[in-house]
Amino acid sequence: MTATLASQLNVALTGLLFQLTVIASIGPQNVVLLKQGVRRWGVGLVVTVFIIGDLLLLPLGTAGVSVVVEKMPLLLDVLRWGGVAYLLWFASSCLRDVRNPTPIDTSSGNPSPHDARDTVVLHSPGTECGTESAPVVGAGASGNGTGVATRTRVPLRTRATTRLPALAALPTALAVTFLNPAAWVDGILVFGSMSNQYGDAGKWVFTAGALVGSILFFITVGYGARLLSRPLSKASVWRWINLGIGVLMIAIAARLAMMG
């Protein structure tokens, strides 16, 4: 019994390490998680969505969906080219932000004591590198039409709008989890092929270890990103980060396209 337990623990540890290796690479989910963590809004919601995604996708792969895909090569091609299209779209949004990087507000919706050169100019919500930009509070333009950013008092209605950012992160979190074909390929095909190598019983132990790895990773990155909030809240830093991510996404899309 001791030998069996040790064997199962070894399989579970293998699953944990395998999953950490797969999800540690830069991808749409990790970029969204990192940016939300730096902003310090909607982190719990994003982490929860990502964990639920793995709780659904990984067991699906283990249950043998990969076998179905093997019998239907056309479905594999659809997933592959869908993943290529998604990654290229994600890359284009990042490269667009290289020219006009959106500074990240790290004040959790409350005004922060930045000086004039660090004051963030208000902008309308939009899409930045696959994420919805957060409403920025505590800075605005002066009323003389010059567009100079000045400190302003936060109106009372701000208290009502501070609930918006957490919910605003939900569509993006759902999109990069369930509408990202690359996530389905990794979660079902790649993981399913790996887990099924451990037999009928071992594959579920492997899956359990992998799920623990996912939970640890998402929580650590989501809340640990706050430690880097100071450097990562600078627009100049994100200009280079977005450039690197955009180039990497194009490279991954090219590799995925050549897998056929």
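Cβ atoms here come from the backbone N, Cα and C positions, even for glycine.
Pulled from TrEMBL, these are the features on record:
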| type | residues | note |
| --- | --- | --- |
| TRANSMEM | 12-34 | transmembrane segment |
| TRANSMEM | 41-60 | transmembrane segment |
| TRANSMEM | 72-91 | transmembrane segment |
| TRANSMEM | 164-184 | transmembrane segment |
| TRANSMEM | 204-225 | transmembrane segment |
| TRANSMEM | 237-258 | transmembrane segment |
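Contact between the transmembrane segment (237-258) and the transmembrane segment (41-60) does not hold: fewer than three of their C-beta pairs are under 8 Å, each pair 6 or more apart in sequence. Packing against the transmembrane segment (12-34) from elsewhere in the chain are residues 46-47, 50, 54, 58, 86-87, 90, 94, 129-131, 172-173, 176-177, 180, 182-183, 186, 190-191, 194-195, 205-214, 216-218, 221-222, 225, 232, 245, 248-249, 252: each is 6 or more residues past its ends and has a CB under 8 Å from a CB in it.
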